[in-house]
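What follows is a single structure, written as structure tokens, with notes after it.
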Amino acid sequence: MKIGVIGAGSWGTALANVVAANGHDTTLWAYEPELVTGMAATRVNHLFLPGIELHPGLNYTGALAEAVSGAELVLLVTPTQVMRNLLADLAGSIAPTAILASASKGIELGTLCTVSQICCQVLGDAVRERFVALSGPTFAKEVALGLPSLIVAGSANDAAAHTVQAAFSNPVFRVYTSDDAIGVELGGAVKNVIAIAAGISDGLGFGHNTRAALITRGLAEMKRLGRAMGAQDATFAGLAGMGDLVLTCTGDLSRNRTVGVKLGQGLTLEVIMAEMRMVAEGVKSAESVNALAQKLGVEMPITQKVYEILYGNKPARQAVLELMSRDLKPEQA
């Protein structure tokens, strides 16, 4: 199968490496010209995945049209906030029968659209039947190192989901399918916001009890938003929900948790972001997910407090204490 991967950050590079190692004709597009040149010369992504040699069959390009020309599967792995403009540039080059998959995890600012909704708006509603959301508890570095990992491919089209499953699966990378694309997308977006909250708690030194509570109540927020968007509760109990949430809230490789830890330790967002080369999607998602929750009338208090810390200059300790002093009520999923 001919596959084009758009986005050579750590996650895009790791996924491109998986399908190339599986024997597929794979081309990875990178925005940075020096990254294309460097990967072609050394087979290492020195910017985003240093120290890991990539499969010799993986091809590299800085030309979008070249990356997707003749591709039967196009995988989008860029920050959500640049997705719309990128798709507009790709529109004339993607084959009308190509499966369009996304491993990006976020909600677009302003429009409050998921990636699938952006794809339909830019490329036409027919894309919905060819769209697959790819998400799960996976750190790019561990996938690139060949450590056993599991992920889920969600699509309204069972055949499209199974095509992606077959393309990516191997003895150390197992792919499940789901018919709940919107649930898979939302799980990936919301968990990044909750991971910032968990990191803030850790940075404040609040301990394991607090983190466990944030993860559990964060899952409840994820499910409430999912119901309002037409997702299935079961999705959030699986790899794209609880699985990814636990990993991102506890793993030291989590960029979003790292942002939270530093916020809890007293650093400003500006200083934190200036130190980071790679994107922490949760910073933008806190704004868009909070706005989406307000638009749909969904109660998401943890998400709201993360938003207030990031964009309202609310002290982190005060935000956590405000969560603890909310009206007492029965536990609701």
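FYI, residue positions are counted from 1 along the chain as it appears here.
Quick reminder: no glycine exception, Cβ is built from N, Cα and C everywhere.
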From K2, K191, K314, K329, the one annotated by Swiss-Prot with K105, G136, T138, D244, S254, R255, N256 for sn-glycerol 3-phosphate: K191
Residue from A67, A140, A316 that Swiss-Prot also lists as binding NADPH with S10, W11, K105, R255, V279, E281: A140
Sorted by sequence, non-S10, W11, K105, A140, R255, V279, E281 residues with Cβ within 8 Å of centre, NADPH: G9, M278, A280
Neighbour count (Cβ, 10 Å) for G136 (sn-glycerol 3-phosphate binding site): 23
Lowest local Cβ density (other Cβ within 10 Å) among binding-site residues: T138, N256: T138
